[in-house]
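Copied from TrEMBL, the annotated features are:
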type	residues	note
BINDING	A:Leu9, A:Gly10, A:Cys11, A:Gly12, A:Thr13, A:Val14, A:Gly15, A:Thr16	NADP(+) binding site
DOMAIN	A:10-129	domain 'Aspartate/homoserine dehydrogenase NAD-binding'
BINDING	A:Lys105	NADPH binding site
DOMAIN	A:137-314	domain 'Homoserine dehydrogenase catalytic'
BINDING	A:Glu190	L-homoserine binding site
ACT_SITE	A:Lys205	active site, proton donor
DOMAIN	A:355-416	domain 'ACT'
There are 2 protein chains.
Amino acid sequence: MKQVNVAILGCGTVGTGVARLLLDNGDIIRDRIGCALHLKYVADIDMDRARGLDLAPGVMIPDAAAAIADPDVHIVVETIGGEGIAKKLIMGAIAGGKHVVTANKALLAKHGNAIIEAATARRVDLAYEASVGGCMPIIKAVRESLVGNRISGMTGILNGTCNYILSKITDEGVDFKTALAEAQAKGYAEADPTLDVGGYDAAHKLAILSALAFGMKINFDDVFIEGISRITPLDIEFAAQFGYRIKLLAIAKFDGESVEARVHPTMIPFDNLLSNVNSTLNAISIKADAVDEILLYGHGAGMMPTASAIVSDLADIARNLASDGAGRIPVMGFQADTIRSIPVMSMDDIVTNYYFRFDALDRPGVLAAISGILGKYAISLKSVHQKGRKANGSVPVVMLTHQAREADVSKALAEISVLDVMVGAPMLIRIEDQNGQD
Amino acid sequence: MKQVNVAILGCGTVGTGVARLLLDNGDIIRDRIGCALHLKYVADIDMDRARGLDLAPGVMIPDAAAAIADPDVHIVVETIGGEGIAKKLIMGAIAGGKHVVTANKALLAKHGNAIIEAATARRVDLAYEASVGGCMPIIKAVRESLVGNRISGMTGILNGTCNYILSKITDEGVDFKTALAEAQAKGYAEADPTLDVGGYDAAHKLAILSALAFGMKINFDDVFIEGISRITPLDIEFAAQFGYRIKLLAIAKFDGESVEARVHPTMIPFDNLLSNVNSTLNAISIKADAVDEILLYGHGAGMMPTASAIVSDLADIARNLASDGAGRIPVMGFQADTIRSIPVMSMDDIVTNYYFRFDALDRPGVLAAISGILGKYAISLKSVHQKGRKANGSVPVVMLTHQAREADVSKALAEISVLDVMVGAPMLIRIEDQNGQD
């Protein structure tokens with residue numbers, strides 16, 4: 001095989017990046033894989049979007065369906081995004097026997113099982129390295145490098161927007177709104193930032209990774225999701241006093257029977273490498289029996305890092321084409337007939353350590369009332385901190401707990417929140433601290 | 001293909017680990033790759049070494065050659081080590097058409113070009129993920145994940161023994177000898193520690209990685225190597241004052257024409273993730289045009305982490321066997337006919353920032369004499385620190401330089417070292433600081 005023909009659907013940031021990388025680094029790619037990745041089509045309704053690219057005549061076309069229908073096209077790259085037209089085109093490409101590469105995590109998280117089933121049945125490759133962690137080779141690491149391991153957990157910073165905002169609040173003491181506005185001004189956050197700051201994007205990625213790591217069907221609906229919009233500079237300051245930094249973590253754990261899958265702001269100790277991953281960067285730590293732990297770090301988004309991951313998928317598929325190896329690696333890392341529906345644990349059953357912050361009126365008996373309720377639900381405290389500074393007559397009361405069950409914590413906080421002395425809703429931040437979990 | 005037959009040659013720590021992983025995790029490996037990795041032989045002259053393994057009768061054999069000669073064996077795993085018998089057996093296996101997996105970095109660094117040539121000619125796979133960075137998937141990342149990138153540099157902590165010793169000196173202020181003795185007591189260093197503390201092991205790995213990243217022949221002879229035995233607690237203390245930690249780094253850079261390849265103790269800033277990689281752990285940062293930077297972290301040695309990397313190689317080869325894809329990825333990541341002999345820059349031509357420590361008698365004119373010689377060689381100083389404390393009548397004079405050429409630095413230090421007022425040889429530590437290189 002001298003040449004593999006590629007069609008890119010969608011000429012936005014990522015599609016443009018892929019086209020640019022194929023054009024600029026085509027020589028070294030060919031030297032490595034032994035055949036050319038030839039850019040046959042870039043399809044976009046808005047033909048002007050290819051302006052920055054030096055495309056040969058006829059490469060830019062307005063009709064994605066025409067690119068899919070061309071029998072010379074081997075691989076279709078979907079960089080349109082969203083769950084409508086993107087899904088339709090991917091399913092059409094698979095039906096037509098094309099191999100597919102996508103970075104579309106929302107689509108895979110919500111409709112991945114059906115798409116994977118179609119690709120497996122049609123014996124075409126479906127590759128998605130760019131869907132999680134940008135250029136970090138996390139899909140390859142889990143599917144290939146850890147093939148001999150039983151994976152027990154993953155802890156990742158998987159959303160650059162949130163990490164930028166939290167880093168900003170940490171470094172400059174600004175509030176969430178100011179940090180978000182700055183992220184938007186720099187192009188790190190969308191005009192409607194909900195998908196990112198609400199934790200949904202990280203949850204999409206976690207659903208994909210959990211399936212891949214544990215051999216389960218993709219289950220996005222059961223991922224617990226909590227965003228970062230309630231995090232204040234005060235919480236970050238308290239966290240630092242206890243030796244923690246606050247990150248939006250995507251956490252998955254597997255005990256052999258059920259899976260924990262949750263995305264929420266989390267306190268992690270300074271000596272955890274993840275606590276030193278700042279700005280828009282991503283990182284993920286994977287725990288597994290043979291390796292103990294590996295960690296990957298890199299840009300989780302951006303034009304060229306994402307393009308790099310897509311080109312690595314293209315190269316893998318091109319190599320499969322050269323050796324008649326389509327389906328060489330099953331889409332989700334496990335042979336299709338071994339993939340199970342592993343139950344995701346209810347958030348109620350999670351056991352972890354907690355940080356609470358209560359804004360209470362500075363009156364006698366407040367601490368007794370709060371700790372009485374916590375005691376009733378068997379939540380035992382590791383430490384209590386009352387900060388002298390008052391604001392509007394209230395003082396922050398901060399508590400760190402020993403291990404407690406989420407259901408108990410929810411009930412206790414509901415009771416505490418309706419105490420007369422409480423000003424505003426209680427703040428709860430979960431703690432991941434391997435050294436301090438007791 | 002229902003079953004791929006594996007023969008392990010050498011039942012030391014790593015060989016035992018591979019056997020154990022194939023036996024303990026055989027079920028999940030089969031679920032992932034769709035065929036069994038069957039342990040057909042473990043060969044070792046000392047048959048007692050398999051005591052801890054629950055092997056079926058006939059698996060343990062004394063004769064490695066017999067395992068290679070068995071036509072049913074698909075893949076040979078070499079875990080003997082060294083450059084004598086290991087090389088002979090690998091060449092024999094290749095000649096017999098067996099695929100080969102090895103963790104033997106010394107062998108690959110010194111004889112890799114010939115072995116690779118033989119494997120390429122015979123169209124068998126030669127895999128070596130475990131040879132660099134233990135379970136970190138660095139070979140796969142460079143060969144596959146970064147396929148679309150031009151790689152410009154790599155900076156790695158690639159020797160766990162050195163990292164343990166330097167971490168120990170840093171954390172506890174003990175001297176090199178004490179830290180080494182502790183490493184030996186814990187089994188992290190050999191009785192003869194030269195290969196590790198002398199920097200040679202890291203240099204073996206760097207030679208392999210440079211070839212892989214830049215598309216060049218393996219060239220171990222031209223790697224500059226300096227070990228850690230001269231590092232003192234005092235240097236580590238000064239480094240911390242300037243915001244640096246000292247690590248044994250393996251550094252490779254490529255400007256498109258020539259390559260820098262060097263292993264030496266290096267000062268790196270606290271905010272560099274590598275400075276937070278401690279104890280026996282390894283990490284490597286790779287710079288490339290599309291991804292900017294990725295970093296991998298994990299155990300660089302040890303029974304099961306190394307076994308994990310070897311099993312990932314076995315799985316890759318098993319997948320190739322299923323699809324007639326041997327040689328699917330060229331051994332060194334580039335098609336054989338595109339690999340060049342890229343010159344390695346002489347150490348004299350390296351330009352970087354330096355830390356000097358001179359132990360000088362506390363007499364007038366000392367600073368003038370030292371800085372006069374540095375000025376003569378156009379080495380300009382960023383800062384000078386004279387520490388009050390005297391030991392044996394001498395005071396440490398510490399200097400940080402702006403960018404300077406190694407050849408100039410060598411000449412200047414040679415002149416300074418013979419000044420009457422000097423007590424002992426000057427200390428030189430190179431600095432890698434992207435923010436501070438001027």
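In case you wondered, yes, glycine gets a Cβ from its N, Cα and C as well.
A TrEMBL annotation is a machine prediction, not a hand-curated record.
On the structure: features taken from TrEMBL.
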residue  : record                    : DSSP class
A:Leu9   : NADP(+) binding site      : strand
A:Val14  : NADP(+) binding site      : helix
A:Lys105 : NADPH binding site        : helix
A:Glu190 : L-homoserine binding site : coil
A:Lys205 : active site, proton donor : helix
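If you compare Cα positions, A:Leu9 (NADP(+) binding site) sits closest to A:Lys105 out of the recorded positions A:Lys105, A:Glu190, A:Lys205.
Neighbours of A:Glu190 (L-homoserine binding site), defined as other CB atoms within 10 A of its CB across all chains, total 13. Taking a C-beta cut-off of under 8 Å and a sequence gap of six or more, A:Thr16 (NADP(+) binding site) has these contacts in its own chain: A:Arg49, A:Ala50, A:Gly52, A:Leu53, A:Met303. Across the domain 'ACT' (A:355-416), DSSP classifies residues as 22 helix, 24 strand, 16 coil. Taking A:Gly10, A:Cys11, A:Lys205 as the recorded positions under consideration, the smallest Cα distance to A:Lys105 (NADPH binding site) is found for A:Lys205. Other residues of the chain with a Cβ within 8 Å of the Cβ centroid of A:Leu9, A:Gly10, A:Cys11, A:Gly12, A:Thr13, A:Val14, A:Gly15, A:Thr16, the NADP(+) site, are A:Ile8, A:Gly17, A:Val18, A:Ala19, A:Val42, A:Asp44, A:Arg49, A:Thr79, A:Ile80. You'll find the Cα of A:Gly15 (NADP(+) binding site) roughly 18 Å from the Cα of the residue listed as 'L-homoserine binding site'. Taking only the Cα positions, the spacing between A:Cys11 (NADP(+) binding site) and A:Glu190 (L-homoserine binding site) is 18 angstrom.
Around A:Thr13 (NADP(+) binding site), the C-beta neighbours below 8 angstroms that are at least 6 residues distant in the chain are A:Met303, A:Thr306.
Put simply, A:Glu190 (L-homoserine binding site) is 15 Å from A:Val14 (NADP(+) binding site) when counted between their Cα atoms. Of the listed binding-site residues A:Gly10, A:Gly12, A:Gly15, the Cβ environment within 10 Å is emptiest of other Cβ atoms at A:Gly12. Sequence-distant neighbours of A:Lys205 (active site, proton donor): residues of the same chain at least 6 apart with a C-beta under 8 Å from its C-beta are A:Lys105, A:Ala109, A:Ser131, A:Val132, A:Gly133, A:Gly156, A:Leu158, A:Asn159, A:Ala250. Across the structure, A:Gly10 (NADP(+) binding site) and the residue listed as 'L-homoserine binding site' place their CA atoms 19 angstrom apart. Counted over every protein chain shown, other Cβ atoms within 10 Å are most numerous around A:Val14 among the binding-site residues A:Leu9, A:Cys11, A:Val14.
Geometry remark: A:Gly12 (NADP(+) binding site) versus A:Glu190 (L-homoserine binding site), CA distance 14 Å.
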